[in-house]
Amino acid sequence: MQADFVIIGSGSAGSALAYRLSEDGKNSVLVIEAGGSDFGPFIQMPAALAWPMSMKRYNWGYLSEPEPNLNNRRITAPRGKVIGGSSSINGMVYVRGHAEDFNRWEELGAGGWAYADVLPYFKRMEHSHGGEEGWRGTDGPLHVQRGGFTNPLFRAFVEAGKQAGFETTEDYNGSKQEGFGLMEQTIFSGRRWSAANAYLKPALKRKNVEIIYGFAQRIVIEDGRATGVEIERGGKIEVVKANREVIVSASSFNSPKLLMLSGIGPGEHLKEMGIEVKADRPGVGANLQDHMEFYFQQVSTKPVSLYSWLPWFWQGVAGAQWLLSKGGLGASNQFEACAFLRSAPGLKQPDIQYHFLPVAISYDGKAAAKSHGFQVHVGYNLSKSRGSVTLRSPDPKADPVLRFNYMSHAEDWEKFRHCVRLTRELFGQAAFDDYRGAEIQPGESVQSDEEIDAFLREHLESAYHPCGTCKMGAKDDPMAVVDPQTRVIGVEALRVADSSIFPHVTYGNLNGPSIMTGEKAADHILGKQPLARSNQEPWVNPRAAVSDR
């Protein structure tokens, strides 16, 4: 088996790469995917989003090592093991990231990845329904929509933000990237619009694209050049030959793992594992970043939440309606209102993210209380805490060692305490007077810094946005793994293109910027001139220097 380009992983970036690298018909593309098909309602029905993440069939099911600042809990760290990768098991929330995020990338050594550079790629990939004219793409493969916004609790949340003095935005992915507004979703015609649906399946209709379902064990490197990929398929070991390049798009956990198994990574660690060092790159597996969040939950005094739909019978009714018409409650992820806020004056960009949900549920999808309720997922998005991905053993089937070092900076605790108190302020606004019941979580008795910290240690969870473990940077940066053209430094014909190359985590969810990374990397791989830089300047809050709102 051979192809011009061999892509490891069919996730958000990998699917986009397969689509763009094969677009002109001149190059053969082979995609290696360890998972399987995405067929069936568990993935395709938006309201069923909790199911695929809980199924070993679709999820690698990783856990962190015990986190010392979180009562030594092992934090769940899901990654998609299916075509579409994590875009097939995520919450379908679409966030590009803030302009300052990408300007920061360039400052950190990723030349050519500033906001002006990446905005044209976001436009190229989008098919926006209702986004801000001039700022959004309208004919790309990735459909992006807003929900129906019919539940009164959604409107109450946005109105509460206004009453508290915060900005509102008609399109947080457009010019005004701060405030309360409608959440955007990767949903189209009532179905999850994953990277597989948007990019991979159309690409596979071309004669020059093929997918192999197998487990990539290592990259074959000969005389400093990547020449293929060793895979395990059906109990047999095979080698897929790359005539031009190998591109790794296997996730922020598995991309560094695969590089290390192939001899690319921190030299001492590789020697400890008995792996021959092909390129000593200490940055491989370092710089692990993520977002954390907690659920703030409140009883609703009116029966307007989704609580009535939680019993199995009514879930079945919603599922049947979706199967018949692709409509009803099953056609939404129920994340239809959100906010991006600054925690303090003087900040250039929002650092707090809110997802609002018109029901109070636990992480396992069960009701948090035997009553109607509502909640927000809230978190600080710009933590300075950094972790690592290392090998557990030289066995390719062994899970990687994930150490996030969550909450290792004093600022993290300060910001999350602020999240608790700010949410109480928001839920205390007049907009919620008709709905506000008792506080379920954290609970009204949790007031002091010490009480809030104890709550956070037990209830903070990952928002499932890992990145940064194969950092993109300047060639003379000893911790950079890839250069700004996504080429692995020290090995020819090898690239990495997924969220692992982010120099710094972006605000919000990472599916959007991961797809953009695949889009832009494809142009670098093909030697194309990058899309023309944008001269559009996003809105800047005129009160930013003196106010948080």
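Glycine too: its Cβ is placed from the backbone N, Cα and C atoms.
From the options 382-402, 508-528, 529-549, the stretch Swiss-Prot describes as region 'Disordered' is 529-549. Across the region 'Disordered' (529-549), DSSP helix (H, G, I), strand (E, B) and coil residues number 0 helix, 0 strand, 21 coil.
Each of the binding-site residues ASP4, ASP24 was scored by the number of other CB atoms within 10 A of its CB, and the lowest score belongs to ASP24.
The two recorded residues, ARG20 (FAD binding site) and HIS465 (active site, proton acceptor), show a Cα separation of 25 Å.
Ranked by how many other Cβ atoms sit within 10 Å of their Cβ, the binding-site residues SER12, SER28 place SER28 at the bottom.
The Cβ of ARG20 has fewer other Cβ atoms within 10 Å than any other of the recorded positions ARG20, HIS465. Cβ neighbour counts within 10 Å, taken over all protein chains shown, single out ALA16 as the most crowded of the binding-site residues ILE8, ALA16, ILE32. HIS465 (active site, proton acceptor) has SER12 as its nearest neighbour among the binding-site residues ASP4, SER12, ALA16, ASP24, ILE32, going by CA to CA distance.
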